[in-house]
Amino acid sequence: MLVAPLRQHPHYKQAPQGALAGALPHEGLPFWLVRWLLFRLMFASGVVKLTSRCPAWWGLTALTYHYETQCLPTPASWFAHHLPVWLHKLSVVATFLIEIAVPPLFFAPVRRLRLAAFYSQVLLQVLIIITGNYNFFNLLTLVLTTALLDDEHLAAKSRNSQRRKTPASWPKALLAMLSWLLELTTYALLAYGTVHYFGLEIDWEKHTVRSRTTFTFHQFSQWLKMVTLPTMWLGVASLTWELLTALWRWTQVRGWLQKLCAAVQLSIFGTATVALFTISLVPYSYVEPSTHGRLWTGAHRLFGAVEHLQLANSYGLFRRMTGLGGRPEVVLEGSYDGHHWTEIEFMYKPGNVSRPPPLIVPHQPRLDWQMWFAALGPHTHSPWFTSLVLRLLQGKEPVIRLLQNDVAQYPFHKQPPTYVRAQRYKYWFSQPGEQGRWWRRQWVEEFFPPVSLGDPLLDALLRQFGLQDKSPARTRSSSSTLAQVLHWVRKQLSPLEAPSLLWGLLVTLGAIRFMQALLGPRPPRSSPLAREEKYRSASKKDSGAASTQATPAPDNGSSGSQTPRRKK
């Protein structure tokens, strides 16, 4: 809500400072909040992997299990799973580097460091998208990373050629040299820390890279206790700089009415930015308990007052690896006689060992996703599973479409099954030599006993979880024209699977934007002779301005700086 502009920019002319010419003074503050959110998301996600004491993360072997045990793998997951173990361990080291060491660079004063941090985060998210179906989550994270960019980096025309023509003064040259030294020092520290703390060694005989964790949990806890509070002060310093920059831009606004409107907007957005930052410090401090206790009491009171609104949250992705002994999977089965059972296939989750994993980004199949969580414990930990069994016994078509969008692919589409049960299996990716098989599995135990409609066990479970049918669903009126149109559209689109529909909408939108750019007005092209003549005239103007610089110009009320005198 804060990032969305209050008005549409009339034009997008590049300003000398690298910002939009029509940008308002406050518009940089919401983007800083996005950057702070990205920092908390990535830094906390890296830290919790180690604070959880998960042996797979500490042993750098997490990725040897991750690709086959994640919620919904992709076809690329099978190939990634069979990469060498040393490469998996090196990838875990790179993950720690990108999620723990790189995020503080989001607030670096050197622009190239922020760009390097941006591309490292993009690399991580793209690799996750390729090797796992995490719906729209990684796409949203990529959107957050754009807060690390500036308008100059996104502009089609670079200013490098213009900078090469204009000689830099000695203060700018000194500042550029210091920035270059800071950048070089940062890269050197990152490389040294990675090699030292993860014991990287090159085995020239086996052409591998050895890696191991050289620090203990106690040492990491002491380090986290030492850096958590300074990262908060880093946020305070960065936000203070953003506020001062916005205040300076406000002083450049011309006209008393425009200045008043900009002051009101800057006050509102500045207050909201500071308040949201203060609120976010409380859930961020959860990564280190002692820091949470030392936090300013005013921040705790402010967070407690708005906690029910969920304005700020704590994060920590992939805290522990599951399925170290094999991927647990629940397989539903139906039968008419209670003796001959037929497996009920889902559209996306693993089931048939000969079917390749699908690619469904950015769709989020909620039922397939929840089946992964259900397999991690007994069925009583997932009360909705009992309701799913009931609806399959009743033959409810809306529920069947959650399993198979094409009802004809459902084995009991003509008549609902009399009995339904569920088995728990362990799944592993097949070996490269096995033709026509993506998975191999082993039966573990019965997950849900065979039940039928009216079964006392089923009725008892429904009463226990409060899922028994109490009253018939209220019929909805479909007499309005809008309801009829929506019903017709839904009927026409129902044969399409959700990923195909989403990608169709995205491709259509991209095609429309492409045609708009192709058929829109184009700037007039100038011939090479005209460009050369324009360059000569510009050179003459520069030389004329340099020769007449000693002559004082009339005061017109502007505060623009004069062109420095050239030395011959």
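Each Cβ is built from the backbone N, Cα and C atoms, and glycine gets one as well.
Of the given residue ranges 35-59, 260-284, TrEMBL assigns the label transmembrane segment to 260-284. Counting only same-chain residues 6+ beyond the ends of the transmembrane segment (227-248), those with a CB under 8 A from a CB of the stretch are 25-26, 28-29, 32, 36, 39, 43, 104, 107, 266, 270, 273-274, 277, 281, 284-285, 287-288, 291, 294. In the domain 'Lipase maturation factor 1/2 N-terminal' (15-155), helix, strand and coil residues by DSSP number 104 helix, 1 strand, 36 coil.
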